[in-house]
Amino acid sequence: MSANFFVYVIVVGQNQDEDIPFTNQSQPKHYKWWIRVISYILFLISGQSTAILLGRLYFDKGGNSKWMATFVQSAGFPILLPFLFYFSPFAKSVPVSVTSVARRSKISTLVFLYSAFGLLLTGDNLMYSYGLLYLPVSTYSLLCATQLAFNAVFSFFLNSQKFSPFILNSVILLTISASLLAVNSDSENASTVSKGKYVIGFLCTVGASATYSLYLSLVQLSFEKVIKRETFSAVLDMQIYPSFVATCGCVVGLFASGEWRSLSKEMKEYKEGKVSYMMTLIFTAVTWQVASIGLLGLIFEVSSLFSNVISTLTSPVVPILAVIFFHDKMDGIKAMAMLLAIWGFLSYIYQQYLDDSKSKVKKKMKANSNEASLGLTGQV
């Protein structure tokens, strides 16, 4: 691997400029594009790592409501509304060629899209909550890395991503990593939760990773085929409206399950006090929104594959922080699982680097061919 490979971690899969239609082709990038992408990466890594640790803190200090833990994953969207109003293109005129029927059709399509994504996120966030409740945060984070393998599969079918040997190697390594964590359940978690609950947490986390990977691929497909807008407001729309639907779904689940009755008692018995209870939930909600903006921004600016790759960067970070703050055990099997996950991540990134290098060579050859053709035409 050359030094350029590590630079490619930032630019893999880049797909668009501000002045061209939404596309998956690599284009020369302006410095503002780099600033946006780096900002989105920082939002995603810092927001996701902090949100996961705060979510575990909620359960460790006395919180027990799965629906409340699910609720805060989407309920922070109102903090984004000022940005939506600022960036929304209200002043832009509507083209004459766009009929009222076409506009109504587009609106109904978007309503269906945002509603479907919101309901998908409700189920996905609930599964993540079960995983975070029943698993050590280090194990939970490593299992979340399997979303990269699932994303490779979904991107193959939905986003025309090729399945190369390096991608297959990444999928196999991440699968082995998850399998090691599965067989390690007896030695790791017997003292805290039952084996049955560990299995539930394991399956829910893997299921949530698969669902989230499907969501990311569908979001990229929606940006390309339906939304077709190259504005930051498009990213905010994709975050705010599905989050609103997901939050409504969580409220329904909170009341339907009866967990709302125990929230007052839960807050009073919280080990760190009522203020700490509220601040933990509030900051969890805020950090999830920060992470989501980073994730959607990378999908918009680059691709769902790249956003998922950056998301898995938290896999080696969170377990280390979990050992420091939550005193999770880091035994040999878990360390091996983490190394395999990192290996799978690098294998995945390297394949994207090779694809990008090949694409640039083809474009250069095509440009040279066009110049030669123009030269011959001029001579004639």
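Glycine residues also receive a Cβ, built from the backbone N, Cα and C atoms like all the rest.
Under the heading transmembrane segment, TrEMBL lists 33-55 (among others).
Residues or ranges marked as transmembrane segment in TrEMBL: 67-87 (among others). Long-range contacts of the transmembrane segment (67-87) within its own chain (CB-CB distance under 8 A, at least 6 residues past either end) are made by residues 51, 55, 58-59, 118, 121-122, 125-126, 128-129, 132-133, 231-233, 236-237, 239-240, 242-244, 246-247, 250-251, 253-254, 257, 259, 263, 281, 284-286, 288-289, 293.
As annotated by TrEMBL, transmembrane segment applies to 107-128 (among others). Panel annotation: around the transmembrane segment (107-128), residues 66-67, 70, 73-74, 204-205, 207-208, 211-212, 214-215, 218-219, 222, 226-227, 237-238, 241-246, 248-250, 253 of the same chain, lying at least six beyond its termini, place a Cβ under 8 Å from a Cβ of the stretch.
Sequence annotations record features per position, and here TrEMBL assigns transmembrane segment to 140-160 (among others). Under 8 Å from some Cβ of the transmembrane segment (140-160) lie the Cβ atoms of residues 24, 52, 56, 131-132, 167, 170-171, 174-175, 177-178, 181, 201-202, 205-206, 208-210, 212-214, 216-218, 220-221, 303-305, 308-309, 311-312, 314-315, 318-319, 322, 334, 337-338, 341, 344-345, 348, all in the same chain and six or more residues away from its ends.
Here TrEMBL flags 166-186 (among others) as transmembrane segment.
Residues annotated as transmembrane segment in TrEMBL: 198-218 (among others). Distant neighbours of the transmembrane segment (198-218): 117, 120-121, 123-125, 127-128, 130-135, 140, 143-148, 150-151, 153-155, 158-159, 178, 181-182, 185, 189, 295, 299, 304, 307-308; these residues of the same chain sit at least 6 beyond its ends, with a Cβ under 8 Å from one of its Cβ atoms.
Under 8 Å from some Cβ of the transmembrane segment (238-256) lie the Cβ atoms of residues 65, 67-68, 70-71, 73-77, 80-81, 84, 114-115, 117-119, 121-122, 125-126, 219, 222-223, 227, 289, 292-293, 296, all in the same chain and six or more residues away from its ends. Residues or ranges marked as transmembrane segment in TrEMBL: 238-256 (among others).
Below 8 angstroms of C-beta separation, residues 36-37, 39-48, 50-51, 54-55, 57-58, 61-63, 68, 72-77, 79-80, 216, 219-220, 223, 232, 235-236, 238-239, 243, 266-267, 270, 306-307, 310-311 of the same chain, each at least six residues beyond the ends of the transmembrane segment (277-299), sit close to that stretch. According to TrEMBL, the feature transmembrane segment maps to 277-299 (among others).
The transmembrane segment annotation in TrEMBL covers 305-326 (among others).
Summarising the annotation, TrEMBL assigns transmembrane segment to 333-350 (among others).
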